[in-house]
Amino acid sequence: MAKLAAFDMDGTLLMPDHRLGEKTLSALKRLRERDITLTFATGRHVLEMHHVIGEFSLDAFLVTGNGTRIHSLEGEELYRQDLAPEAAEAVLHGKWDTQASMHVFNDGGWFTGQARPELLQAHVFSGFHYQLCDLKRMSAQHVTKICFCGDHDDLRRLRIQLNETLGDRAFLCFSAMDCLEVLPVGCNKGAALAVLSQHLGFTLQECMAFGDAMNDREMLGSVGRGFIMGNAMPQLKAELPHLPVIGDCRNQAVSHFLTHWLDNPDLPYSPE
């Protein structure tokens, strides 16, 4: 029996409308009744996630900003890592050949230079909102991460530009087909989960995890049992071909698997 279960949010635990389904909520509560520790491992901001777990009365550790922050059940910060200021400065003031919009995150929230109301659809359940500002006037100190949102092919070309400029000063990954993230070196959900599991006295082999995007790769590949969503990015399935693929987030597939696992732990699972 696993001691810790870690869940990505968008495309995994949440349905396509970015809401938490009733079956999923019920399955999570059953895990807690079995004394299995819950962790939400997400690219979302901790300010937003505090609202989410409060709304649903869930006791869960938080890995936020794709591994840049870890918070306890009580909201205590257990770990933090920021982008190197020179890397943040280079991104903020670079001249990038892209149509993608830039978004900057720090402990104060989410900041962008242009209104993108369509992006708020992913935050309807929490009400979390970007703050408009002149990004070139932002401090490069204490930046958690920077992300670019736009067309995937455009972002792939942008990634080449960013790699050429940043080199080994940052870690780049796709958290979705339309979102490219610039993170601190060595920062990912898997590394954060290793820190958290050690803090709790668990091994990664005693953890299970669920995800759908390339920012879940390290986490899924490092735990005892990693599960890929049926709706996952093709690149993730290709990178971790040995991991089982469950159903689609639109069908609350995580709850389907967990219900089977809790009720019939010794029987093989089929997503059908």
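Positions of Cβ are set from backbone N, Cα and C atoms, glycine also.
It should be emphasised that the depicted structure is a prediction, and the values quoted were computed from it without experimental measurement.
The active site, nucleophile annotation in Swiss-Prot covers D8. Cβ neighbour count for D8 (active site, nucleophile) (all protein chains, 10 Å cutoff from its Cβ): 29.
Residues or ranges marked as Mg(2+) binding site by Swiss-Prot on the basis of sequence analysis: D8, D10, D212.
A sphere of 10 angstroms centred on the C-beta of D10 (Mg(2+) binding site) encloses 19 other C-beta atoms. D212 (Mg(2+) binding site) and D8 (active site, nucleophile) have their C-alpha atoms 8 Å apart, to the nearest angstrom.
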